[in-house]
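As structure tokens, the structure follows; a few thoughts come after it.
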Amino acid sequence: MARLQLSVVAACAVLFALAAPSLAGDADMLQDVCVADLASPIKINGFPCKANITADDFFFAGLKKAGNTNNPAGSVVTAANVQSFPGVNTLGVSMARIDYAVGGQNPPHTHPRATEIIFVTEGTLEVGFITTANKLFTKTVTVGEVFVFPRGLVHFQQNRGDCPASVIAGFNSQLQGTQAIATTLLAATPPVPTDVLAKAFRVDNEDIDAVKARFK
């Protein structure tokens, strides 16, 4: 089983790395490597290259251990993107580990810059995405199975098993961006006007205020 997991994860990483130049929203590479200089004051579309690099810039050990799921959602995302793994800068690829407590959820969200593919390493999840025509595609997935979420579409994962769950995710972007729907609408700064949300959801202002209070 361990070999199967490693093989599939490696295949996912290779797939995205090979597909990145044609499918990713990231710009194409102009040199062999460009390790991100996260401390640089220069602001560009992406990150400038670091002058002195080592093999450690292309190594990341952060996905080995389960994250802390003690939060309202009951899930945690550990990202291996350019912000934590500078070696992927300009490569058009990144990964993440997502852990779910029993009943935990990765709430509905979008990735504006990347398609996401997940490989289940533990547990059972209900996963799904919604098209721009408001069509829901959902599936129950378990250990060893794979599901893909098209770029930019709202999607979610919910632990439906009686034990913790986890997945490894791959993205065809060095920084996929994540916009959680509920948090975006209810906890924006400055806040989205209550009457705007009340009209959109066809409820009273008081109902929106009550839900907003839960996100403070």
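Backbone N, Cα and C define each Cβ position, glycine as well.
Taken from TrEMBL, the feature oxalate binding site applies to Asn106, His111, Glu116. Its Cβ placed at the centre, Glu116 (oxalate binding site) has 25 other Cβ atoms within 10 Å.
Annotation comment: TrEMBL describes His109, His111, Glu116, His155 as Mn(2+) binding site. Within 10 Å of the C-beta of His109 (Mn(2+) binding site) there are 20 other C-beta atoms, taking all protein chains into account.
The disulfide bond feature in TrEMBL is assigned to Cys34-Cys49. Taking a C-beta cut-off of under 8 angstroms and a sequence separation of 6 or more, Cys49 (disulfide bond) has the following same-chain neighbours: Gln31, Val33, Cys34, Val35, Ala36, Asp37, Asn89.
Among the features that TrEMBL reports, domain 'Cupin type-1' is placed at 61-209.
Annotated signal peptide per TrEMBL: 1-24, in sequence order.
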Output field, Mn(2+) shell: CB within 8 Å of site CB centroid, site His109, His111, Glu116, His155 dropped: Thr110, Ala114, Phe129, Phe149, Leu153, Val154, Gln176, Thr178
Rounded to the nearest Å - Cα separation of Glu116 (oxalate binding site) and His155 (Mn(2+) binding site): 10
Predicted model, mean pLDDT over the domain 'Cupin type-1' (61-209): 97
DSSP residue counts for the domain 'Cupin type-1' (61-209), split into helix, strand and coil: 22 helix, 59 strand, 68 coil
